Amino acid sequence: MLDLDQNKLEQRTTRAEREVKAIEDELQRISEGDLSYTGDPQLEKLLTDNEKLKHRLAILENAIKAESSGVSREPTKREVRKRPTLITDISSVEGNVCILDELKNIFEVAITSAYPNLIDPPIVITLSGNNPKFGDYQCNSAMAISQLLKANNIKTNPREVANNILNKTPTSPLIERIEVAGAGFLNIYLNKEFAEHVLNCILRFGVKPPPLKRERIIVDFSSPNIAKEMHVGHLRSTIIGDSICRVLEFLNQDVLRINHLGDWGTQFGMLIAHLQDKFPNFKTHSPPISDLQAFYKESKKRFDEDEEFKKRAYACVVNLQSGHADYITAWKLICEVSRQEFQKIYDRLDIKIIDRGESFYHSRMNTVVKELKDGGYLEDDEGRLIMWGDPVKHDGIPLTIVKSDGGYTYDTSDMATIKQRVEEERGDRFIYVTDAGQYTHFVIIEACARRAGILKSGQKVEHVGFGVVLGEDKKKFKTRSGDTIKLIDLLDEGLKRALDKLIEKGRDKVLTPEELKQAQEAVAYGCIKYADLSHNRVNDYVFSFDKMLDDKGNTAVYLLYALTRIRSIARTAQISIDQLLVEVQKSGFKLSHDSEWKLAKVLLRFPEVILKVSNDLYMHSLCEYLYEISSTFTEFYDKCYCVEKDKEGKIVKIIYERLMLCEVTARIMEKSLDILGIKTVSRM
Ligand SMILES: NC(=[NH2+])NCCC[C@H](N)C(=O)O
């Protein structure tokens, strides 16, 4: 009986143990991701698909590894780049040729034919700097290529690579010769004949832009807020934004200049309430608000101190938002007063811009909010609706799309704005010029717009940020009494200081009153713009009239003087541009003196400087270039006389080539100053 029981018990134990073992095995397989035990056909299919994908992934990973280590292999069809078309004949070249780009093309051809199996080899061309020993430009690809080859167990050294590249470099009318130097540099010497031809073209046809694919570019700049002051930050945005538009317009881009005025928001509630009290008949008689800032301050004071007023202000917002006619009229009146103030600044600085403030997007905000809601992009956060740029990582801060009271924010308006610019304006490039503090705002706007599919690949968002303006004491820019400086007052002071400077130099005695006034304005506004543009915009900058009106160093005054001096050379020679053209065609144009050649090479760089600036939007490179032209010109003029006079001051000889260099220099300087928004004068 006992035996029998024991037997049964043993059998049951073994069975149980077997079952436990089976369950354990299954658990093990499941935890390793193997679900095959289920026998579900759909799952089976997914599992095989998964296996296939894993295999594919391994192949791709290997390919990526091979590529990043620079392994050379047969390039795939897609990787074979279209061979660039090179310039073969000088006469086909015009004055707008970008030498740097052509050299890149030449060396792309050379390098890809020397190393056909290298995927995406580095094509590094730079300006050689001041030492003529290193040529005019350099190709520095040999070192990097040699590294790539070594990583792939191909024994070589940079000099050998440089020589291989040199052997494959096609001849070009741009290049006189190329030398292998040092550790494998390729020093490139430009061809004088080519330079002479280009300068001749500029003389005959003017300064022409290098070709660039036309894009629709929306530049959002200036953008002050209604009823609040337009401060020095907005001045920076205005100056930088205008100059960016100018360079893009010069390059034949389709530019839309937008003033994204802060013309919508809760501040209008108190402004309207105050308007109703102060000017009850505002609907029939335009209210004489001369100082909107003071008006703003008064209404703010009442808003903060008077509960009754506050309630009315809120009611006004509701009425305005719902489009009540009287409230719209009041709002328009207030906006108009501000606009007229802003326009005074724009007129003085010669700024063209289209007003399209936040209110323009009022109804579009509803649409975008609905779309974002429907798309499942919004999350509830204690009653607010927020959107993350990255829904998984939650990097940075999210946008607040709808506030807990149902209202919209700056974020909402910028989402509606970017959607309008993509879908209605059909923009390719979206540029925002604001203080550096708004950088993250635009990063998140871009991320959210991409996430929501508003922005497509190929469409670029660029935030052009800038630093704070400081006073000479390196503190926040304020008046002596500590008030914020009104822009109009600042411009007036500029005018006064410019006139003082001109009188100090005795210019009032030689210029006509009209010329003096022109010079005064050119100097005043020119120096304010140039001081801003000539610094790397991301840095804070110290606003100093003394520094910007200095006629030595890299200032507008120095450049404007230099330009008038160059212009006066042809005037003393009494040679018109037509005569100059005839003479130059007769004698042929030859660069002989070293200083002429040096100046010519600087002038030839204009297209590459313009293309660089239009791409990175750092205008200070153009200012540095202008300063380089002007100092190279001075060096040339010191060494090379253009007009020879006898003891009595009678002209005995004119060197036309040199007058021509003067003319081309002046034209390139004028064009550059024009791009910076600076007016030039013929006499100063
Ligand atoms: N789309 C934009 N958010 N543009 C910039 C607007 C600048 C804003 N009004 C300010 O004063 O700071």
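Glycine is no exception: its Cβ is also placed from the backbone N, Cα and C atoms.
Mean pLDDT for the coiled coil (6-63) in the predicted structure: 61. Sequence annotations record features per position, and here TrEMBL assigns coiled coil to 6-63.
Taken from TrEMBL, the feature domain 'Arginyl tRNA synthetase N-terminal' applies to 101-190. Residues of the domain 'Arginyl tRNA synthetase N-terminal' (101-190) grouped by DSSP class, helix first, strand second and coil last, total 39 helix, 19 strand, 32 coil.
The annotation domain 'DALR anticodon binding' is assigned in TrEMBL to 559-684.
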Helix, strand and coil residues within the domain 'DALR anticodon binding' (559-684) as assigned by DSSP: 87 helix, 7 strand, 32 coil
